[in-house]
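Sharing a structure here in structure tokens format.
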Amino acid sequence: SQANFEEDSQKPPAVGHWKPLMPSKGSKEEPETGCHDGGGVDETQSTEQLNVSRLRSSSVEIREKGSEFLKEELHKAQKELKLKDKECERLSKVREQLEQELEELTASLFEEAHKMVREANTKQAASEKQLREARGKIDMLQAEVTALKTLVITSTPSSPNRELHPQLQSPSKAVFRKGHGRNKSTSSAMVSAASQSVTPEPVSPECKEVDSILFAEFQAWKESPTLDKSCSFLNRIYREDVGPCLDFTKQELSELVRVAVEQNTLTIEPVASQTLPVVKVSAEECGGPKKCALSGLPRTCKHRIMLGDSGNYYYISPSCRARITAVCNFFTYIRYIQQGLVRQDVELMYWEVMRLRREMSLAKLGFYPSDM
């Protein structure tokens with residue numbers, strides 16, 4: 001509309017074209033007509049100029065209003081653009097944050113995975129090492145069991161193997177061993193040899209009769225073998241045989257010897273083949289080659305004992321050695337029964353126990369072999 005107004009304003013003012021009037025016949029009106037035309041043209045031009053000025057003023061107003069409207073729209077568009085920019089910036093920051101978190105999470109997962117792999121490899125290496133060690137121990141134990149089978153089969157309390165019982169060897173052939181009936185380190189291995197039976201030597205022919213009370217007590221103990229002396233079977237033997245047999249003049253040392261025999265930590269060795277160690281106790285307590293530490297009597301002592309790992313040696317006479325050896329043989333045999341190494345008739349095992357009890361009684365009374 002503004003363009004139309006501008007076109008109208010640029011056009012030259014229209015000049016009216018007056019059609020010549022047909023004059024009446026015989027009359028002349030041309031001069032009069034000319035005067036009227038001049039006045040009408042001036043009025044028309046002024047009107048048109050007024051209209052043009054109005055159109056121009058209205059066009060300026062419209063232009064100003066349009067300019068203000070466009071400025072407002074531009075301002076709104078700029079505001080919206082700024083908001084869009086802020087939103088884009090915010091979304092960009094969110095994306096960067098998410099990318100960073102995703103990268104950190106990925107790195108953490110990879111680190112955790114590597115850590116788990118390292119731990120798994122470490123555990124696998126440790127397991128393989130334990131497996132190799134276990135196999136080595138198994139091989140060692142199998143070899144030990146094989147050797148013990150031979151020793152156990154050929155050794156009984158009635159006919160002991162002198163290699164297995166060093167306290168029975170002569171001074172020139174004795175070998176130092178730990179324990180009284182067998183080496184302590186072989187106790188667990190002997191359980192694996194439970195299928196092997198230890199056949200005691202038959203007792204020499206003589207008249208004998210089973211005591212019903214003693215046999216019943218032994219049968220009850222055989223059902224659940226134990227080394228607890230509170231059971232009736234062992235309580236009787238402790239009271240009647242073990243206690244009196246290990247009751248020496250030196251009461252304090254006697255008690256230590258009894259505990260060492262029960263715990264299988266007593267060592268007996270010949271004096272001649274060993275260098276005398278430096279002991280911390282007095283010579284009166286330890287005795288000497290010419291004095292027994294247990295009885296306190298002057299006797300020729302061919303052997304000495306050590307209790308556990310104390311390092312203190314005590315010289316003992318042949319009689320005291322026989323008493324200690326008799327008790328050790330008894331404990332060795334009942335340990336064999338407890339570990340399942342003796343697979344004989346209950347009555348035969350009973351008579352073997354009675355024979356060992358008789359040896360303890362004889363040793364207590366002072367009877368012992370000449371080679372002691």
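Keep in mind that glycine also has a Cβ here, set from the backbone N, Cα and C atoms.
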From 146-174, 175-203, 262-290, which range did TrEMBL mark with region 'Disordered'?
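That would be 175-203, per the region 'Disordered' entry in TrEMBL.
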If you average the pLDDT over the coiled coil (67-151), what number do you get?
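When the pLDDT values over the coiled coil (67-151) are averaged, the result is 88.
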Report the DSSP secondary-structure composition of the compositional bias 'Polar residues' (43-58) as helix, strand and coil residue counts.
16 helix, 0 strand, 0 coil
